[in-house]
Amino acid sequence: MPNVPLTPSTTLGHPAEGVLAHDAFVSPPSKENPTPDAKLESGNEEWTYPDGGLRAWSVVLGCFMLSCAFMGSGLVFGVFQDTYHTEVFPDVSVSTISLIGGILSFCSLTTAYVAGALGDRYGYMKMIVLGCILTFISVLGASFSTKLYQLFLCQGVFQGISQGISMPMYMALPSQWFLRRRAFATGVAVSGAGIGGAVGSLVMRPLIAKLGYKHALLVYACMNAFFTAIACLLLKVRTPPWQSSTKKRWLPAKVDGRFYSIFVGILIAQIGYLSPFYYITTYTRTVADLSGGNTLLPVIPLVILNLCAAIGRIGAGQLADIFGAINVFFLSFFLGGILQMVFWPFTNSYASVIIFGAAYGLTGGVFMSLVPPVCAKVFGMENLATITGLMVLANGPGQLAGPPLAGLIFSATGDNWAYLAVFSGAAMFVGALCTLYVRFQQDRRIWAAV
């Protein structure tokens with residue numbers, strides 16, 4: 001495929017390289033032909049996107065592997081949470097233990113917002129390598145932890161910060177290599193979270209049963225170190241010639257009701273988003289007849305949930321091209337909330353839990369890959385990185401508070417799963433309602449592809 005020339009027409013603010021579309025300096029062209037804006041010049045120098053080829057896809061593979069190792073670890077935490085609650089710290093409430101995973105996600109997201117600026121100033125690869133090294137040290141420290149507070153520090157705070165250091169860089173790299181296929185390439189990179197969560201859950205469960213959680217964490221640290229080392233060898237940074245002269249900004253120049261509609265929608269929906277990932281393993285052990293001592297059976301629904309989330313994120317870009325990015329973004333929250341409120345409380349068999357996990361993975365998690373195109377659609381390309389970064393930052397509070405709040409409701413209602421499911425689903429449903437404002441501000445026609 002021939003190179004697609006591109007140079008900027010506007011100066012972009014920086015910070016959210018901690019996001020999926022950091023280098024989206026111009027609106028993506030149609031699949032058939034680039035728009036005229038895709039052929040702008042910067043002085044006498046013209047810059048091109050390979051938009052394919054072995055080297056470009058090798059970079060995507062490296063980003064995919066980093067996503068597997070780092071973003072996937074947050075989705076694997078449900079396996080460790082179940083072990084901590086049932087075997088290691090049986091006297092500690094599940095809501096308290098789930099706070100470890102919440103802190104991990106919160107620290108990762110909030111660190112990523114700042115790390116993007118540092119990567120722009122000091123280099124992507126330096127930040128990626130630093131994040132890989134510190135993540136290995138953090139998980140290694142967790143493997144030697146014997147107290148709950150030590151796990152909070154190592155597996156929660158330190159691991160979250162370490163992973164956040166490299167996140168914006170490997171999320172941004174596909175945008176430097178792709179233009180026509182940017183959404184698909186980014187979707188492939190993001191799908192690593194689901195694949196890593198699925199494979200990690202499948203591997204960790206029997207390892208914990210056989211070796212104990214400490215040795216399992218040690219193995220997990222070494223596995224991640226191996227794959228992240230290979231990933232770093234596959235990566236290559238292509239810095240546009242104009243990027244060094246762009247003004248770095250920490251806040252968008254202007255926000256309006258549409259901005260708050262998306263921001264608040266994400267903030268509220270995230271309160272309920274992670275509950276199935278954190279609690280489905282424990283829920284499976286509670287409601288399903290798993291006689292026979294098979295240690296893998298309880299974790300299979302989580303594996304399927306993660307795999308379907310990966311598939312859903314890859315397909316989300318294609319659906320957005322057909323039905324509109326904002327529409328699919330809204331449907332992700334809406335369907336995820338409905339599935340939790342209406343379907344989850346009535347899953348009383350192993351098969352029904354698996355069906356719920358698959359359906360939720362295909363719908364409830366796809367919004368993560370739609371944040372950049374939604375922001376581009378609503379706000380245009382000026383300061384896109386900054387605005388998108390703030391949207392990603394909005395994920396943090398909900399991911400920190402959501403699972404523990406769900407656990408508190410579960411404990412306060414006498415271990416009633418229905419209340420947990422309704423609470424989490426209602427949060428996603430309210431988040432969906434918040435996004436309706438921006439949807440109809442863009443186009444008041446109900447069936448418009450927005």
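Note that Cβ sites are derived from N, Cα and C of the backbone, with glycine treated the same way.
What TrEMBL lists as region 'Disordered' is 25-44. Look at TrEMBL and you will find 55-443 tagged as domain 'Major facilitator superfamily (MFS) profile'. The feature transmembrane segment is assigned by TrEMBL to 56-80, 92-115, 127-144, 183-204, 216-237, 258-280, 295-315, 322-344, 350-371, 378-397, 417-438.
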Proximity verdict for the transmembrane segment (127-144) and the transmembrane segment (216-237), three or more C-beta pairs under 8 Å: yes
Segment proximity, the transmembrane segment (295-315) to the transmembrane segment (417-438), 3 or more C-beta pairs under 8 Å: no
Among the ranges 216-237, 258-280, 322-344, the one whose Cβ pairs under 8 Å to the transmembrane segment (295-315) are most numerous: 258-280
For the transmembrane segment (216-237), distant same-chain residues with Cβ under 8 A (at least six beyond the ends): 55, 58-59, 61-63, 65-66, 68-70, 73, 76, 80, 123-125, 128-129, 132, 135-136, 139-140, 142-143, 155, 170, 173, 176, 200, 203-204, 207-208
Residues from the same chain, set at least six apart from the ends of the transmembrane segment (183-204), whose C-beta lies under 8 A from its own: 20-21, 28, 56, 60, 63-76, 78-80, 170-171, 173-175, 177, 216, 220, 223, 277, 281, 296, 299, 302-318, 320-321, 361, 365, 368-369, 372-373
Considering the transmembrane segment (258-280), which listed stretch of 56-80, 92-115, 350-371 counts the most C-beta pairs under 8 Å: 350-371
Across the domain 'Major facilitator superfamily (MFS) profile' (55-443), average pLDDT on the 0 to 100 scale: 86
